[in-house]
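A short write-up of the structure that comes next.
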Amino acid sequence: MNLKNLETCKGLIKGSYIDQAIQGTSQFNKLLETLLIHKKLPNIGYNDKIIELILNEISLMDSNNFIENIGVGEREGRIYSGLVEKRHYGFAHGIGRSGDITEQQPKAAGSSLIQKLTHSLVLDAMKLAGLEQSSLSNCLLLPMATGMTLALTMLTLKSINANNKRYVLWPRIDQKSCLKSIITAGLIPIVIPNQLDGDMIRTDLVAIEDKIKELGVDNILCVFSTTSCFAPRVPDKIIEISEICKRYNIGHIINNAYGLQCSKILHNISQACKLGRVDAFIQSTDKNFMVPVGGAIISGPNSEFIDQISRNYPGRANSSPILDVFITLLSMGKQGWLNLLKERKELLIYFNEQLSKFALENNEKLLNTINENKISFALTLSSNNFNNNEEIISNNNNNNNNTFSMIGSKLFSRSCSGSRVIDLKSNKKLLIGGLEFNNYGSHIDNYSTSYLTVACAIGITKLEIDTFIQRLSKLFNKK
């Protein structure tokens, strides 16, 4: 209710009561004013009531919510179901226009405002997480998950380069959507095998440079590197890769899917942008901001390239993933976001200690990757630990499966999600996009041992870690 209407209410009830009400509504208006002026995360997150008030106020700016509006066009933001309308807070027009995903819509000032504010909040959150300003000239939040966003990024890079640049040099990462994003963009993936460094699987920089010389600079569009990954693979050497790309004038796209929560990765991205060439780095919204799957953020030091990606997106887009991030960041606030990052870092140390203790008690080994991989762990698997486990042996015989693969299914049946078993005894081969991979899932052809991977990702709790260790212990020691 605006001030004029509140003053009118003084003719209906006591003026002193209305003065109190004016004070209360002024507090809300001040919060909204601060958000609109500063466009940053509030220091303390807003409660759900305040966020809903903000959403309802802004949605009234869209034409489909005008009281006297009539629509005679083909796309008028009509919503049949009341549940659907409630779910979207009345936002029906999506984001962007046919020529640009970030262009403002005449019919949807509210939706356009939400998009603009969300981009500003995301930039603020990324800086708070540890990215330097020089690496963040702009960002683009798209309603597509990471794989499709990577494909659009490479398509855009391809559109501004000569057509003969067909090859993408890709240090092997056994995640299907990464490879498929290259193929979807109509490009040819050139797999760069990794190399072993102790327990770690690492980037082979010499192999990258040799392949550049072999194929020719004029034929290579970019190097497609990866930061966040499952141990024992560790993040690619993106600083050195960026320097190679700068030296040869080759594009560099970084898949930073869930790396936004890791300060070491963000420091390396900032350094790569400063010392070499980085065209864009892409991160997932669900893995970093704890929202439903469906969004990804494109960032980079070159604002013009990010704008070009925006212009290349065909048509309008769904605004739900943008709205999810907007609500979540307002709910977290600056302190909530920083606390989540801090807690994850502390629990990483605790998880490492508990896994090390477990490994010692069960004659296994926690692979030594923590100095480079600050999110994921890998624990060796030895058949000796399961020779007397009647449940696993029985299931293994009945299903004709390998013992190690049964461990993963048994963990899942005990409500432990997210762990992965890499069984190297099976010599698993997989064909993707015409390329055959040996021991798929391990990121390398010849790793020495089977293992179990887990992750210490943002939002994990100490209780989850303790419960996982307990359930894993029962599986190892069940007679």
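Yeah, the Cβs are placed from backbone N, Cα and C, and that goes for glycine too.
Feature annotation from Swiss-Prot assigns pyridoxal 5'-phosphate binding site to Arg75. In the three-state DSSP classification, Arg75 (pyridoxal 5'-phosphate binding site) falls within coil. Long-range Cβ neighbours of Arg75 (pyridoxal 5'-phosphate binding site) (same chain, at least 6 residues apart, Cβ-Cβ under 8 Å): His93.
The substrate binding site annotation in Swiss-Prot covers Arg97, Ser98, Gln105, Arg316, and the record cites similarity to another entry as its basis. Of all the Cβ atoms in the protein chains shown, 18 others lie within 10 Å of the Cβ of Gln105 (substrate binding site).
For Arg414 (tRNA binding site), the same-chain residues that are 6 or more apart in sequence and have a Cβ closer than 8 Å to its Cβ are Arg471, Leu475. The tRNA binding site annotation in Swiss-Prot covers Arg414, and the record cites similarity to another entry as its basis.
Here Swiss-Prot flags Lys287 as N6-(pyridoxal phosphate)lysine, drawing on similarity to another entry. According to DSSP, Lys287 (N6-(pyridoxal phosphate)lysine) sits within a helical segment.
Swiss-Prot lists 1-44 with the feature region 'Tetramerization'. Per DSSP, the secondary structure of the region 'Tetramerization' (1-44) breaks down as 33 helix, 0 strand, 11 coil.
The region 'Phosphate loop (P-loop)' annotation in Swiss-Prot covers 96-106, and the record cites similarity to another entry as its basis. Break the region 'Phosphate loop (P-loop)' (96-106) down by DSSP state and the numbers are 0 helix, 3 strand, 8 coil.
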State the Cα to Cα distance, in Å, between Arg316 (substrate binding site) and Lys287 (N6-(pyridoxal phosphate)lysine), rounded to an integer.
-> 25
So among the recorded positions Arg97, Lys287, Arg316, who's got the most Cβ atoms within 10 Å?
-> Lys287
Nearest-integer angstrom distance between the alpha carbons (Cα) of Arg97 (substrate binding site) and Lys287 (N6-(pyridoxal phosphate)lysine) = 28
Cα distance (Å, whole number) from Lys287 (N6-(pyridoxal phosphate)lysine) to Ser98 (substrate binding site) | 29
Arg97, Ser98, Gln105, Arg316 bind substrate per the record; greatest CA separation between any two, in Å, is 10
Enumerate the residues of the same chain, Arg97, Ser98, Gln105, Arg316 excluded, that satisfy the criterion Cβ within 8 A of the mean position of the Cβ atoms of the recorded substrate site; list them in sequence order.
-> Gly94, Ile95, Gly96, Gly99, Asp100, Glu103, Gly315
Taken over the region 'Tetramerization' (1-44), the model's mean pLDDT = 90
Would you mind reading off the Cα separation of Lys287 (N6-(pyridoxal phosphate)lysine) from Gln105 (substrate binding site), to the nearest angstrom?
-> 30
